[in-house]
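Input: a single structure, listed below in C-alpha cells.
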Amino acid sequence: MGLGRCIWEGWTLESEALRRDMGTWLLACICICTCVCLGVSVTGEGQGPRSRTFTCLTNNILRIDCHWSAPELGQGSSPWLLFTSNQAPGGTHKCILRGSECTVVLPPEAVLVPSDNFTITFHHCMSGREQVSLVDPEYLPRRHVKLDPPSDLQSNISSGHCILTWSISPALEPMTTLLSYELAFKKQEEAWEQAQHRDHIVGVTWLILEAFELDPGFIHEARLRVQMATLEDDVVEEERYTGQWSEWSQPVCFQAPQRQGPLIPPWGWPGNTLVAVSIFLLLTGPTYLLFKLSPRVKRIFYQNVPSPAMFFQPLYSVHNGNFQTWMGAHGAGVLLSQDCAGTPQGALEPCVQEATALLTCGPARPWKSVALEEEQEGPGTRLPGNLSSEDVLPAGCTEWRVQTLAYLPQEDWAPTSLTRPAPPDSEGSRSSSSSSSSNNNNYCALGCYGGWHLSALPGNTQSSGPIPALACGLSCDHQGLETQQGVAWVLAGHCQRPGLHEDLQGMLLPSVLSKARSWTF
C-alpha cells in the first residue's frame, strides 16, 4: 500500500509541472500570433514595420497632433498612443485616436521645452486583452515642430504701398526672432497656384507691399504661413529646431494702391548725373595728374616760353645786385623819335637831346666801330688820350654773353676830334670823311667795347692805373648839316663799382649841336 501511494503522488506532481510548462508555452505562442496578426512591432528602437506609420507634430506649446496611416481597426477596438516622459517619472499623456488622427493637449505646467523627451507606445484591445506596441523610444518634440498659422492678418492701404500686419500666439512671443514667414498674394480672380511669393521674412510681424508689385485697380488677396527659422551651424544641438511650414492663414483682401508717376528732378535722373560726373572725373583726373606730376610734359609744352634769367644774371653775378651800376653797363644807342623825321636843321637840337645810346657787346669778338677802323688808316684819327685800338680792345666783351638793350639819357657831350666816320654801306666797305657830303642818307652808328687801358679818358681822373673801359663810338650823318661836318663828338663816361671801373667813350653826333656837353655817370 505504501509503495502504490508513493507512485501515485509522483505521477500527480509530474502532471502538474507539465501542465504549468504547457500553459507558459501556449501563452507565449498566443502572444506571438496576436502580434503578427495585428502587424504591430515591439522592437526596441521603433524600427518595426508599422511604427513608421505614425507622425506626431507639436505646435511647440501645449499640443501634439498625431496621424496614423494604417487601416482602421474593427469597431470594437479603441487604439491610443501613450506619451511617457523620460525625464519626469510618472508623467504620461494619452492621445486617443479618432479614426487616423489624435490630439493631446498638455497641462499648463507641462508646456513643451527644447529638452523634453518622450517614449511613445501604441495600445489597443484584442479579444478582451490589451495589446501594447513600441512606436518611438525617444521622441524629441523640437525635431517635429509645426506651428499654428498666423492670425489676425490685416491690411492698411496708404499712398504708394500696402502694409500687412499679423499676430502670433502669446506663448511664441519670446521666440519671435526664431520664426520665419512666407507671404503669398494674388489678384482675387486668380488661383493660388498663380500667386506671387515672398519668403525669408524673419523676426517681424509686418510687411510692406509696394504699389509697383500690385496691379492698380484690382482687388488682391494675401495669406501667410510660418515655420521655425533655420539657425546657424554654430548653434548647439539642444537649441536647434526643425519642422515644416504651418497651414496657411485666412486670406485678407485689399484694394491695390494707385501708382505714382516717377519724380524726375530738373537735372534728370540721378543715375545720369552720376554717369556724367564719373566721365568728367575720368577725363580730367588723368590729365591733371599728367601735367602735375610729369616735368617732361611741362618742358615739352613750355619750351618756347622765354626766361629772363639770362638777362638778369649779370645783375647779381657781376654787379652784386647794384641796379644802377648794372643799368649803366647796359647802355643803349641813340634812338630818335618819329617827330624828328624830316626835321629842319634849326629844329634838330631838341630831337638830338631825345637820343639814347645803344650799347652792344659781342659774346666772343667785339665789333669794331668806324672810328676805330679809321684810326688804323691814319694817324690823325686816333682816340683821345693817344690810345690805340689794342689799348682799348684787348680781349673783347666776354663779361656779358648776350646782346642787351638799354637807354641812356644824353646830358653832356664833349668834342674830341674833327674826324667824322663814314656811314656803313651794305657791302661792308668804308668811305673816307671827304665823301660824307655827297651821302643823302641819315645814319647813326655806335660801337661798344670792353677792355683795359693804361690812362684815363678825358674827364676821368679817378684812377691813374689800368682800369676796365667800355668804349662807345657813335657817328651820325644828316643831309644839310653845318659846314663843320668833319667834327665828331665823343661820349666819355665813367661808372664805378667796388673793385671795378667802367669807362664809356665813342664817336657821337657831329657838331650840329649848339654847345658841347660832357656826360659823366
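The backbone N, Cα and C atoms fix where each Cβ goes, and this holds for glycine too.
Range with Swiss-Prot annotation motif 'Box 1 motif', chosen from 220-228, 301-309, 481-489, is 301-309. Residue with Swiss-Prot feature N-linked glycosylation site, selected from ASN156, ASN386: ASN156. Of the recorded residues, ASN117 (N-linked glycosylation site) and ASN156 (N-linked glycosylation site) place their C-alpha atoms 43 Å from one another.
In this view, the densest Cβ surroundings among the glycosylation sites ASN117, ASN156 belong to ASN117, judged by other Cβ atoms lying within 10 Å. Secondary structure at ASN156 (N-linked glycosylation site), taken from DSSP and collapsed to helix, strand or coil, is strand.
Taken together, the residues of the topological domain 'Cytoplasmic' (292-521) have an average pLDDT of 47.
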